[in-house]
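Record features (TrEMBL):
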- 50-434: domain 'Amino acid transporter transmembrane' (DOMAIN)
- 57-75: transmembrane segment (TRANSMEM)
- 81-105: transmembrane segment (TRANSMEM)
- 125-147: transmembrane segment (TRANSMEM)
- 167-189: transmembrane segment (TRANSMEM)
- 198-217: transmembrane segment (TRANSMEM)
- 237-256: transmembrane segment (TRANSMEM)
- 268-292: transmembrane segment (TRANSMEM)
- 312-336: transmembrane segment (TRANSMEM)
- 357-376: transmembrane segment (TRANSMEM)
- 382-401: transmembrane segment (TRANSMEM)
- 413-439: transmembrane segment (TRANSMEM)
């Protein structure tokens, strides 16, 4: 059943090992009850043996860091210096909604995941809506992985084109297809091999920030561009990019449930957002002063070819998608496999055969989307506006108001309502301008 994939469902980068460990302690209640119930003895053991404050802080930073680190300079180029203030603003808003989500978790001891929060708020449909949004976000991120591989490998090997009769595959297309072909066998696996510790995500982000700074100081690039205060036309796209950077809410319930002292969660969240915002704003400011409005969708594409540090940054960037593609896509294919006929699911051989076919088709579909919309930054802005803003801003506010609305004072309702309105504005405006920009570039 789809519910059995709870341990796999969440966002690309986001602590799936932690999700798996937590969800393994849970069992499903009967269908008429409709939400997760944890064995109280096991839950007590989880609380006693859970993560320390600093482990949870590291987990929180891993939730928030990722491929967004490559595009915050592009956000600055699209929206001007005001984009750095936007990053700070979105950090404040998303930090606030993460704490609202924690309050929703506290409303019922049986609520342990974002999907549970959706169901507690809006019933079965709430659970379905949250699940669909999370799966769509996962799928979109795997498309971003392929585009990122294609962009950076084509930047590294610019002459790698292939002629197929009258059609010539450019290097970007060649490496998207090649990357997907290499990663396809890992998607076939029913049990994924050991994954590197998720701390490598924040370490990789820190390495990229330091490497970019080193190139600016020592490799002759310098910080000579003054930039523009604001580009009004590009501000909605910049807002979508900023929203994408802080979309870790799908996994914050697991960070909370794993914390040994749960009263420390708010401090963990606040510090995680502060430290990650320093990284995001830092690389955005460096990139904008190094390359100005000429910044491409990933800062690695602007780095000088001849600098060894540039090659290091590119290879650090390339490793993550190869390590995470299957891990990110597996929850989607597991959910879709539940729609296979019962006659297929009843036979291990048939399930393996048709499951492999389904997984292959899904990988092919990500390749088709990546080749059709090969715009890393604009697609990220679209994901951030439509999906991330919904998951990280709109839904936490709606769920909180639904669960606690009758207990809240008017000022509190107004405050949450203002944040909700902002999320809706970002979702509508950012999605519209991102789609328009994508169409213009097709």
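Just so you know, the numbers here start at 1 and follow the chain as drawn.
Just so you know, glycine gets a Cβ as well, placed from its N, Cα and C.
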Contact call for the transmembrane segment (57-75) and the transmembrane segment (167-189): at least 3 Cβ pairs under 8 Å, seq gap 6+: no
Candidates 125-147, 167-189, 198-217, 237-256, 312-336; stretch with most C-beta pairs under 8 Å toward the transmembrane segment (357-376): 167-189
Cβ pairs under 8 Å between the transmembrane segment (167-189) and the transmembrane segment (125-147), at least three: yes
Contact call for the transmembrane segment (312-336) and the transmembrane segment (237-256): at least 3 Cβ pairs under 8 Å, seq gap 6+: no
Recorded stretch, among 81-105, 125-147, 268-292, maximising Cβ pairs under 8 Å relative to the transmembrane segment (237-256): 81-105
